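Novice: Okay, these came from TrEMBL:
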type	residues	note
ACT_SITE	GLU216	active site
ACT_SITE	CYS251	active site
DOMAIN	30-439	domain 'Aldehyde dehydrogenase'
Amino acid sequence: MAKVFEAADASNLMTELRMSFDAGVTRGYEWRVSQLKKLLVICDNHEPEIVSALHDDLGKPELESSVYEVALLRNSIKLALKQLKNWMAPDKAKTSLTTFPASAEIVSEPLGVVLVISAWNYPFLLSIDPVIGAISAGNAVVLKPSELAPASSSLLAKLLEQYLDPSAVRVIEGAVTETTLLLEQKWDKIFYTGSSKIGRIIMMAAAKHLIPVVLELGGKSPVVIDSDTNLKITVKRIIAGKWGCNNGQACISPDYILTTKEYAPKVIDAMKQELEAFYGKNPMESKDMSRIVNSNHFDRLSKILEEKEVSDKIVYGGQKNRDNLKIAPTILLDVPLDSLIMSEEIFGPLLPILTLNNLEECFDVIRSRPKPLAAYLFTQNQKLKERFAMTVSAGGIVVNDIAVHLSLPTLPFGGVGESGMGSYHGKFSFDAFSHKKAVLYKSFIGDAAIRYPPYSRGKLRLLKALVNSNLVEVFKVLLGLS
């Protein structure tokens with residue numbers, strides 16, 4: 001029987017990790033590299049176990065597990081190993097006349113002991129990717145995987161304990177009780193991925209100790225389809241980004257489509273055709289689609305679908321089987337804006353299409369709602385692309401594809417407003433777990449008497465000229481011309 005995790009355990013955990021960090025265990029380049037290499041070994045040697053755990057938890061197809069979790073993690077680790085020396089090196093900063101003679105730099109300093117609370121929908125990617133950033137930046141870290149993906153949580157705990165340095169990296173399994181006890185500790189940063197509801201709880205707990213947070217949340221990510229598009233490719237990419245990514249259970253999944261009344265029938269016909277090509281005439285039997293994570297989420301989605309004035313808006317799909325936790329890809333047309341399906345993040349295989357008199361209206365619809373984690377546009381119109389990118393506020397914008405920005409480490413991944421705060425991926429992960437410390441080195445040479453009392457009008461004029469970096473005025477003061 002597993003030992004119960006209690007308040008004293010949480011306190012002792014923090015004490016032990018703090019001792020390791022204070023002793024400098026995690027700060028050196030060699031330690032960071034050794035741990036990152038161990039994470040790479042996990043990806044290389046245990047991929048079949050990871051794929052199996054993801055299938056147990058979510059019914060994920062092997063392709064989704066291998067590509068969207070393991071391969072992305074492998075790339076993330078390799079990038080960190082390749083760039084770590086550059087990331088760790090101080091950045092030179094310019095100095096001014098005010099500080100002359102001096103040099104300045106920005107030092108990336110590890111924060112200390114950090115907590116990563118991850119999500120169930122991509123339980124390996126969303127657990128290890130932030131840990132890569134925490135380790136790269138030289139922190140001690142505790143990972144709390146989601147209890148809603150128990151096979152993945154158990155495997156993460158086993159593998160990280162087996163491979164990583166236990167004096168600085170720990171995994172704590174459990175549910176609300178364990179998470180609550182962890183949140184009572186004084187961390188140097190908390191990194192949370194999940195719902196905005198729990199995000200608020202995390203932030204309230206963090207506020208008690210003024211702990212900085214990164215919140216990777218979600219929201220209702222819109223897809224705008226212009227009639228000036230390649231419809232066949234557009235629809236394929238929407239399907240791949242919706243049902244081909246954990247059956248809609250993804251934070252950047254398309255949540256609703258906006259298109260014109262005139263163009264909507266063509267979009268629906270094309271989606272029906274491609275969905276059948278992808279998943280067959282009976283998608284409930286397809287092996288290429290994940291299942292719903294558990295019965296609670298199944299019931300939540302069923303409630304959304306069965307709401308009055310929503311169920312009769314289904315134009316494709318709608319089949320469901322609670323025993324198998326399966327819901328078919330479902331398209332709905334012009335559901336009420338005040339319905340549940342348009343009020344909360346769907347996080348499942350349902351996709352409403354809202355029709356507009358003209359595409360111009362899409363900007364007002366998106367602006368009237370909380371800022372999403374992602375916003376998507378399909379068009380060949382260059383001016384529309386530019387306007388969408390410049391005026392729509394979202395965590396990320398993708399034009400003519402879905403979710404692919406997630407794979408690009410040169411782009412920050414994170415939300416804005418209610419879809420989250422802070423970002424990561426690539427160097428942004430390193431920065432998320434670092435303090436940018438300002439360091440100025442001053443010489444004893446050239447000590448200026450004008451800094452010190454007694455003050456005079458001449459000192460005032462000279463100091464003002466120096467502070468404003470006005471060389472002409474400095475010379476005028478020195479020559480008695482001012």
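Cβ coordinates are placed from backbone N, Cα and C, and glycine is handled just like the others.
Unlike curated records, TrEMBL annotations are generated automatically.
Source: prediction; values computed, not measured.
Each of these features: where is it, how hidden is it, and who are its neighbours?
Specialist: Other C-beta atoms found within 10 angstroms of the C-beta of CYS251 (active site) number 29, with every protein chain shown included.
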Novice: 10 Å Cβ neighbour count around GLU216 (active site)?
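Specialist: The Cβ of GLU216 (active site) has 27 Cβ neighbours within 10 Å.
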Novice: Quick one: pull the CA-CA distance for CYS251 (active site) versus GLU216 (active site), whole Å only.
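Specialist: Cα to Cα, CYS251 (active site) and GLU216 (active site) are separated by 9 Å.
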Novice: Kindly state the mean pLDDT of the domain 'Aldehyde dehydrogenase' (30-439) in the predicted structure.
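Specialist: It averages 97.
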